[in-house]
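**Q** Would you mind keeping the following structure in view while I ask a few things?
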Amino acid sequence: MADADNGDNSAACVESGEEEYRMETVPFDPRFPNMNQTKHCYVSFLDYHRCIKARGEDYAPCQYFQRVFRSLCPNAWVAKWEEQIEAGTFAGKI
């Protein structure tokens, strides 16, 4: 169902039982203008982990990066990266 309040088709409300979730697409980021969003996925994953490392998991602005990488990245990639972080073998600088 499209968001009728502002006429924008990029957001939708989904009712699930008692709760209502707002589904949104990732906003445009001028650092990643091309259609291939692989780098945007990876950088958002790194930014999220850097943010929680610096500010803690309760810092609300970090959740933006989490929403972006959860939306763009395949679940298998995220699971593999999380395993690598736990094992200390992740190649990215966090």
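Quick reminder: no glycine exception, Cβ is built from N, Cα and C everywhere.
Reproduced below are the annotations present in TrEMBL:
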- CYS41-CYS73: disulfide bond (DISULFID)
- CYS51-CYS62: disulfide bond (DISULFID)
**Q** Between CYS51 (disulfide bond) and CYS41 (disulfide bond), what C-alpha distance do you get in Å?
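**A** Rounded to a whole number, the Cα-Cα distance is 15 Å.
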**Q** In sequence order, what residues of the same chain, 6+ apart, have a Cβ less than 8 Å from the Cβ of CYS62 (disulfide bond)?
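**A** For CYS62 (disulfide bond), the qualifying residues are TYR48, CYS51, ILE52, ARG55.
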**Q** Non-local Cβ contacts of CYS41 (disulfide bond) (under 8 Å, 6 or more apart, same chain)?
**A** VAL68, PHE69, LEU72, CYS73, TRP77
**Q** What count of other C-beta atoms do you get within 10 angstroms of the C-beta of CYS73 (disulfide bond), across all chains shown?
**A** 19
